[in-house]
Amino acid sequence: MDVSEVSGVPPWFADHLREEGIESLYPPQAAAVDAGVADGESLVASVPTASGKTLVAQLAMLSAIDRGGTALYIVPLRALASEKREEFAAFEEYGLSVGVTTGSYEDTGEWLADKDIIVATSEKVDSLVRNGAPWIDDLDCVVADEVHLVDDEHRGPTLEVTLAKLRRVNPNLQVVALSATVGNAGEMAEWLDAELVDSSWRPIELRKGVHYGQALHFGDGTQQELPVQRTEKPTEAVVRETLDEGGSTLVFVNSRRNAEGAAKRLAKTTVDGLDADERAALSSLAEEIRAVSDTETSDDLADCVEQGAAFHHAGCSSEHRSLVEDAFRDRLIKTICATPTLAAGVNTPARRVVVRDWRRYSGDAGGMQPLSVLEVHQMMGRAGRPGRDPYGEAVLLADSHDELDELLDRYVWADPEPVESKLAREPSMRTHLLATVASGFADSRSALLSFLDRTLYATQYRHGDGEDNLERVVDTTLSYLETNGFIDRDGDAIEATDLGHTVSRLYLDPMSAAEIIDGLADAASPTAMGLYQLVARTPDMYELYLRSGDREEYTMLAYEREAELLGELPSEFEEGRFEDWLSALKTARMLEDWASELDEDDIAERYGVGPGDIRGKVDTAEWLLGAAESLASEQDLADVSAIREARKRVEHGVGEELIDLAGVRGVGRKRARRLYDAGIETRADLRNADKSVVLAALRGREQTAENVLEAAGHQQPEMDGVTPDADVKESAAAAGTDDGQANLGDF
């Protein structure tokens, strides 16, 4: 189908596609048009990676906008939100406006009301619905990207319930669900009352196989010689041959440590294939990476990148990941070793994909478990870049002939599993039942069950034990919510209490709220450590794991600081509870170290974490402490100012005396300390400061000093003709604090 044949979209869209080099639609895209995606029909598109799902979404959104409507694009990851924002920004030259929102859960997003396309994570959309964002009622089209992730036990229920709420608010809403190839696409379409495009078509061939011995064994029975040299491992041999052919490789492993170890080893292979220009460009990129943060993770990543390899996992900062992804797309980095999160939608195609580890540790199973077919196929789908590669190859690695047969059966020849709803788990139900009642979607038990009838769970288990199980979980959850004061019940009728409304607005798990309220009940003046440990033990915080030898250290710390901890310390004989308490204490001490201005690299080394982990814990703690502040104020529980101070300290990573300074835009934790040591102790001091002193404290960086002074409200922030104060400069040099590197808290 020629792009000019598509009706219902703005006249300029066909010209735009031609400028992008697109003259005709892929078969799945044409099938979507035939199914009415540009005429307002709901659609489930279950097609492989790189088969044009985004264009299907654009057809739906632009046709809705052309009819005077608004479109919402839901993504599973913040990184994907940024990527989609950049893609859709191309439409701004045609008069459309695009907004992205992934931040505060208390924000109603009123500023988005005049946007044509809104990009948001499912959690953010859920919070906007809870908080009554007025533009939600006016949506005409919603696109749910990576909708197969409703199968994820942590994030899936939020997407599932959010789609049910959006369809309840607007019964005529067009829903376009973009999915990987799954085993029950028809059931997904039934849930959403949608047309179905279910296709295995790809723009270039994907050859799936297993490497064993000295050859690749493909699913069609053919073999390709790929010898492993005496000093090599199979992964290195695959990467080496791919480089020789001018291609790039994604290597998927099962842990962060394995990702880093594999990247360091493969860097010895990739470096031999670099030319002089690539070496120079990679050297510059490595310096950018080192400037992101002063941690061992940053240094290790930069060392790998200089040699043409990289690792990618959640412990890396978002800046690290973006730099690596961009350089890989530009074919500068030749190999990325990643954990499976990279397979979840971020656009990083490669000539070859190697699934090195097809098992990973499962705490629930108590050991190593095989990955699902769906997850492995998602990784494999990254192989082959349309327009760049003649084909894509996805390879698993076998150590024996028996394992070769097993991998062919389990992954190469297998169809992906059906997607299954995880809504009926009690942690999900706690949050979503309270939100459903508090936001007015149900005012009785029967109305709740009626609302839940619009979910995927109801579609899958409408008859038999599943329906009975849903009612049991609902009743258990309602009992918990009533016992803890979040709802009132009168017969069948249900109403959220003031506390319930607050908890829903704050986007807290009710169990987190109950833990915080209980901890603050007898805490007149809580310390920062006590507050950090309190929020760290809530279900909304993924606390740090206890490593070998940690139990003794943190048991001693628990008894030493027991007076500060909020709530009753469990007995050591309560094995599970005591371990959880110690894990929360370890997390709290990391937050305390951060708020005490310990260097980021020291924190990373002490706790065995990366900059991305630190940022994640800091952001979560800031949110939970903000929620604790609101709960304490509304419930008259504890000294709100103490909670506020602990929140601001963890937000900026500073001691109490630096909170005011660190709040100035562009200052951050290290610059605040330098200014303070130079005698500038408050925002008011900075507003009236001698510019030469500020310039010296900020290491002579004129633009930085000018920006900081302007943010503080200085009357004349310009640095023309200003020289650094010699006494301050000499003092700073003696202190030896000029590391010249950025830090999580610098900006």
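Placement of Cβ uses the backbone N, Cα and C atoms for every residue, glycine included.
As given in Swiss-Prot:
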- Q29, V47, P48, T49, A50, S51, G52, K53, T54: ATP binding site (BINDING)
- 34-200: domain 'Helicase ATP-binding' (DOMAIN)
- 145-148: motif 'DEAH box' (MOTIF)
- 234-434: domain 'Helicase C-terminal' (DOMAIN)
- 711-747: region 'Disordered' (REGION)
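When the binding-site residues Q29, T54 are compared by the number of other CB atoms within 10 angstroms of each CB, T54 has the fewest. Within the same chain, residues 44, 53, 57, 73-76, 80, 84, 159, 177-180, 182, 188, 344-345, 374, 419 sit at least 6 positions outside the motif 'DEAH box' (145-148) and bring their C-beta atoms closer than 8 Å to a C-beta of that stretch.
With DSSP states grouped into helix (H, G, I), strand (E, B) and coil, the motif 'DEAH box' (145-148) comes out at 2 helix, 0 strand, 2 coil.
Under DSSP, T54 (ATP binding site) is assigned to a helix (H, G or I) in the three-state scheme. Residues listed for ATP, Q29, V47, P48, T49, A50, S51, G52, K53, T54, cover a largest CA to CA span of 13 Å. Taking the centre of the Cβ atoms of Q29, V47, P48, T49, A50, S51, G52, K53, T54 as the ATP site, the nearby residues of that chain (Cβ within 8 Å, site residues left out) are Y26, P28, A45, L55, V56, R202, P203.
Same-chain residues at least 6 positions away in sequence with a Cβ under 8 Å from that of A50 (ATP binding site) are, in sequence order, R202, P203, I204, P349, G381, G384, R385, P386. All chains included, 21 other C-beta atoms sit within 10 angstroms of the C-beta of P48 (ATP binding site). According to DSSP, Q29 (ATP binding site) is assigned to a helical segment.
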